[in-house]
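Student: Below is the structure I would like to discuss, written out as structure tokens.
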Amino acid sequence: MAVSGPLGTFRLPPLPTIREIIRLFKLQAVKQLSQNFLLDLRLTDKIVRKAGSLTNAYVYEVGPGPGGITRSILNAGIAELLVVEKDSRFIPGLQMLSDAAPGKLRIVHGDVLTFKIERAFPESLKRQWEDDPPNVHIIGNLPFSVSTPLIIKWLENVSHRNGPFAYGRTQMTLTFQKEVAERLIASKGSKQRSRLSIMAQYLCDVQHVLTIPGRAFVPKPEVDVGVVHFTPLTQPKIEQPFKLVEKVVQNAFQFRRKYCYRGLGMLFPEAQRMERTGKLLESADVDPTLRPTQLSVSHFQSLCDVYRKMCDEDPHLFAYNFREELRHTSEKRERDDGESLQ
Ligand code: SAM
């Protein structure tokens with residue numbers, strides 16, 4: 001039976017420990033799926049506190065596994081928790097938690113990469129983008145191989161204000177390999193500054209809120225883990241389509257140790273590369289000899305704005321891909337060499 005706390009807030013009743021749940025339901029971690037579990041509920045409470053106040057919140061937990069973080073969320077005064085777990089072995093253990101928290105926990109056996117959260121919570125939770133964030137939160141400790149592509153997908157959703165951001169500026173508290181957490185928050189000039197830093201920071205306020213040593217997980221991963229909190233900005237720092245920003249940023253960081261003009265030049269076909277890269281940098285007022293790691297978000301804003309104008313003037317430009325040009329050139333060279341030998 002569920003238990004009420006001193007202020008009438010919900011608390012889970014005494015339950016078997018996570019270690020006992022793992023034993024009971026034979027939930028050995030599958031190494032190939034990078035399953036690393038948190039068994040210490042003080043630690044999962046700490047992670048959940050980093051999400052901010054969850055009073056009456058609607059929470060979407062991704063990858064609950066044996067349910068450590070799930071228990072901490074259920075004890076945080078929430079209205080409803082929806083969990084999406086891919087591995088069916090965890091469903092009976094989660095069902096036990098659901099029985100202990102009547103009406104609070106919804107379990108979906110599915111994949112976070114395809115699950116449509118925008119239809120899962122009441123419409124009444126929706127807020128205007130410019131308002132305070134809605135009382136909807138995403139929390140998760142996913143395998144690193146899923147969390148990085150997922151954050152890129154969710155950043156794109158932030159830019160379109162759809163998916164989990166159909167409710168407004170939904171906040172996210174997610175774990176990453178510590179190195180990735182450092183890249184997400186890296187400021188201009190730092191060694192970790194990368195594509196992820198710009199893509200995250202132009203759309204969100206990003207905070208590295210906690211580091212968890214690898215030894216806190218079972219089995220222990222090779223690396224420490226960073227917990228990162230994201231709040232979408234009311235006004236993105238770059239007002240261009242996500243795919244365009246991604247293209248400029250990706251090209252800029254192509255050669256991270258070289259001057260930025262080298263990577264940015266790859267936005268243009270070889271025949272006009274020098275001239276058009278010069279025009280891009282001059283119009284954006286960016287020093288060509290800065291390294292990509294020294295570029296600020298506002299440098300990227302100017303670069304994206306100028307590149308957008310260049311794409312509007314030349315409709316073929318955005319589709320240009322220097323790798324394809326390289327491949328065609330080398331195929332042509334091989335054909336020409338073959339012909340000259342005949
Ligand atoms: N949250 C639990 C914890 O902290 O102990 C488990 C963490 S474990 C690193 C990651 C969990 O995410 C596993 O339960 C795994 O089965 C699940 N998972 C992996 N990929 C998933 C996906 N695409 N969709 C939903 N769940 C996924």
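Yeah, the Cβs are placed from backbone N, Cα and C, and that goes for glycine too.
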Student: Among GLY63, GLY163, GLY168, GLY189, indicate the single residue that TrEMBL lists for the S-adenosyl-L-methionine site containing ASN36, LEU38, GLU85, ASP111, ASN141.
Tutor: GLY63
Student: Just checking, which of GLU85, ASP111 (binding-site residues) has the fewest C-beta atoms within 10 Å of its C-beta?
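Tutor: Candidates: the binding-site residues GLU85, ASP111. Fewest Cβ atoms within 10 Å: ASP111.
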Student: Within 10 Å of each Cβ, count the other Cβ atoms, then let me know which of the binding-site residues ASN36, ASN141 comes out lowest.
Tutor: ASN36
Student: Would you measure the largest Cα separation among ASN36, LEU38, GLY63, GLU85, ASP111, ASN141 for the S-adenosyl-L-methionine site and round it to whole Å?
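Tutor: Across ASN36, LEU38, GLY63, GLU85, ASP111, ASN141, the widest Cα separation comes out at 21 Å.
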